[in-house]
Amino acid sequence: MSSSNLAGNTNTTTTSSAASAAAAHSAANASTITSEYSTTQTTTGTFNTDTLSSIGSTSTLHGSQPSQPPPPPPPQVSSPIAAAAAASAALVAQLNPADRWPTEPSAYKLDESIGVGATATVFTAYCLPRNEKVAIKCINLEKCQTSVDELSHEIQAMSQCNHPNVVSYYTSFIAQEELWVVMRLLNCGSMLDILKRKVKAIGKEQAQFGVLDEVSIATVLREVLKGLEYFHLNGQIHRDIKAGNILLADDGTIQIADFGVSGWLASSGGDLSRQKVRHTFVGTPCWMAPEVMEQVQGYDFKADIWSLGILAIELATGTAPYHKYPPMKVLMLTLQNDPPTLETNAERKDQYKAYGKSFKTLIRDCLQKDPAKRPTASELLKYSFFKKGKDKKYLVHTLIENLASVPVVAHHSSKKVASGKLRKDAHGNWEFEYDSPQESDDDSDLEDEEREKKKKKASASASGAGAAGAAGGATGGAASGAPSAQEGGGATTPCPETLNMVLRVRNQQRELNDIKFDYTKSADTVEGIAHELVTAELIDCHDLVIVAANLQKLIDFAESKSDRRSITFALNSGVHANEIPDERTLTGFAQISLLD
Amino acid sequence: MLKPLFGKADKTPADVVKNLRDALLVIDRHGTNTSERKVEKAIEETAKMLALAKTFIYGSDANEPNNEQVTQLAQEVYNANVLPMLIKHLHKFEFECKKDVASVFNNLLRRQIGTRSPTVEYLAARPEILITLLLGYEQPDIALTCGSMLREAVRHEHLARIVLYSEYFQRFFVFVQSDVFDIATDAFSTFKDLMTKHKNMCAEYLDNNYDRFFGQYSALTNSENYVTRRQSLKLLGELLLDRHNFSTMNKYITSPENLKTVMELLRDKRRNIQYEAFHVFKIFVANPNKPRPITDILTRNRDKLVEFLTAFHNDRTNDEQFNDEKAYLIKQIQELRV
């Protein structure tokens, strides 16, 4: 009987296998390897029998397992382990699914993209079951260079944080090859967005003397410090504190976001000793502490205090010190120079006199090169500067309501092709300036155009003839720069020495940009230009080498008098999750051309 | 100046543990009813005492830890038997309090007196504590906290053996496929530690439980969940290549069914899955004692495999070891006809 049953099972398996093979053959894309499997299947009947025996054995073992949950045994005869399991099962039975955030993509309706990177996009989204707006970060795990283990550590670092000044993590789950991280939506954007809107609101002239007032800065930094204090007491380092990672909610809440490079000091999270240090080289160069760059003795949570000092300068001046320089130069300057101050960004004396002594003391103490001398977050919170800080309502009024009429920073508009010029200023530093919009399709644009013309006129007269690198408006600067460059070119160097080029590439918001720049053989390197493109966030850092290589190729064409004037090449940064690489539309590709 | 210092020294470790125990007994007596005022106060008291316990162990800004106080605290914790109650009622505590439980628990586990680990001995005598931690993965609110404590515990071989040979170990095959990413990956991390940290014990376990273990493991490598499939394939490669698992490896790579599965995974549409499958496939090909059914499959597919591997992940130009291995496999397969 037993033998007969086994034989019967074998026959059934063979039949199923034949059916599967037939189905495979009928499929248009059936591969021949599959058909080979079919042949192999037939000739290894003996092993099928063995496999069946094995499966049977496994089933028997499965049958011996206790049912889940195990029925509660009589207390008198229960073992401690069985009692513990019964208690746990009882707790599980009481869990309320409504308390949980959903873990299937269909429960969320993705809305606008509010941030794009090479391997991840952040969307506003709507959680249907909970009737709540959220932010969802979708990370493509096939493109992401971070290992699953590292991502897991980062997510767990987030999920183990519960503090009003740290971004609120709700849940995360796998959707196909993407990791979706569901977080609280802080819909007023980052402090970097706020800085840009503020500059636009008060004008570049006024912004030169300071973007945010001391009260706003004190309020924001105090909240950031509370978040950092929490991190550090929990044995965590953030490692990427900057305006772009400080978020603002519509109730005035300030939260630290982006745990992309956060990490536990200890692998298990169990030992909170602050003696342990890290050796990983991560973060954004302008905000990076010297000991992180040096990689000699490792670093600890004091690295975040340095970044906070840079953030303070950023909130006051609108940019981080050394923001104009390529990454390697930033490293050199940070290591070799005295620590930055407000004056590091200044172009004239007393430019930042609006900021008082207590603010400058804060900056100085945070930016000491010896990490042991930097105050802790807890100590900083006691600094007199923070007596100037106010409550959330002040931030709502000052940074949200007052700037409400300023156009939002566009992250996802694809209607216009933005363009700009990358050029050197009088000091030999690279600067990138966007061109003014060419089109006007409504009265509002016409009005803007009129205003722009007046601005251009004023700017032109203010800067005077031949004053390259003037601090006037973008248009004025570009206008005055171009003739000057041409005159200079004509007067001092032969035309063939300088090449005019344009790089057409999608930015992080997937908008197609035309970036114009000059290359002068005697003064420029392709690496330098590529570095600047990365620093200005016009191209992804993964594309630095490929852009430099193709730039060199085009220059070689020009020097050999080739007819070829344009090169289209694939980018290493790849495409967004919902995009398909397309050379024609420059999706996942870029194009570099010579201009006449 | 003296007054605050005296204030800090007001409670001794014995006082802290006594208060903690009294609070836990109130919570324990009232079962699931946490809305009563008395229970609320007890939960608050528990949190306060745990925070104080943490300062004894880790020190504070003002004071370094005092070894004598830590020893005293640990001894009181064992004597008062508070650990079982802390873990039993973990789900009732506030967010930060749960983390404090893990911090204190994990630190106590690291204590050594000479060659003895008193907390390990304490837990070994009460295996139900480990089972409660393992089953914590079923409760989202405490899964990561229990996972942290369990991982700390199984760093000690004696405790790892209790967990590995428990009938509840099989639940890991469910936990690692949790819908919630951080719970799934935390469980996988613990599972991986159990299977890799104590080499001889793991090898013995795999030898004794081969059919059951790999029967369940195949559900992971065939999982529809991308991360489960990718991570389990990676761990499979590590398990097979560990020299302690030689006997298990031999068994695994002589199975034609396993080879077919790996060959299918090599052609998964996702590159990272392909890559992990390669590191399992290479073990089959590199086996100098391939049984006939294995060589038959490889020979029958020889030309297609050579073509496939020649075009396999050619953009990994920086991965020298991978490219060397790939070239070696192609050579081995080409020479199969000899």
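Using the three backbone atoms N, Cα and C, a Cβ is placed for every residue, glycine included.
Note that this is a predicted model, so its numbers are computed, not measured.
Record features (Swiss-Prot):
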type     : residues                                                                                           : note
COMPBIAS : A:1-54                                                                                             : compositional bias 'Low complexity'
REGION   : A:1-80                                                                                             : region 'Disordered'
MOD_RES  : A:Thr13                                                                                            : phosphothreonine
MOD_RES  : A:Thr32                                                                                            : phosphothreonine
COMPBIAS : A:67-77                                                                                            : compositional bias 'Pro residues'
DOMAIN   : A:108-386                                                                                          : domain 'Protein kinase'
BINDING  : A:Ile114, A:Gly115, A:Val116, A:Gly117, A:Ala118, A:Thr119, A:Ala120, A:Thr121, A:Val122, A:Lys137 : ATP binding site
MOD_RES  : A:Ser190                                                                                           : phosphoserine
ACT_SITE : A:Asp240                                                                                           : active site, proton acceptor
MOD_RES  : A:Thr280                                                                                           : phosphothreonine
MOD_RES  : A:Ser405                                                                                           : phosphoserine
MOD_RES  : A:Ser419                                                                                           : phosphoserine
REGION   : A:429-496                                                                                          : region 'Disordered'
COMPBIAS : A:432-450                                                                                          : compositional bias 'Acidic residues'
COMPBIAS : A:466-479                                                                                          : compositional bias 'Gly residues'
Candidates A:Ser190, A:Ser405: member of the modified residues with the richest Cβ shell (10 Å): A:Ser190
Cα separation, A:Ser405 (phosphoserine) to A:Ala120 (ATP binding site) (Å, whole number): 30
C-alpha spacing of A:Ile114 (ATP binding site) relative to A:Ser190 (phosphoserine), in angstrom: 11
Pairwise CA distance, A:Ser405 (phosphoserine) versus the residue listed as 'active site, proton acceptor', rounded so that it is a whole Å: 30
Within the predicted model, mean pLDDT of the domain 'Protein kinase' (A:108-386): 83
DSSP-derived class (H/G/I helix, E/B strand, else coil) of A:Asp240 (active site, proton acceptor): coil
Distance, the residue listed as 'active site, proton acceptor' to A:Val122 (ATP binding site) (CA atoms, angstrom): 18
C-alpha spacing of A:Ile114 (ATP binding site) relative to the residue listed as 'active site, proton acceptor', in angstrom: 19
C-beta crowding around A:Val122 (ATP binding site), within 10 angstroms: 22
Cβ neighbour count (within 10 Å, all chains shown) around A:Ile114 (ATP binding site): 22
Structural state of A:Ser405 (phosphoserine), classified by DSSP into three states: coil
Cβ-Cβ neighbours of A:Ala120 (ATP binding site) (radius 10 Å): 21
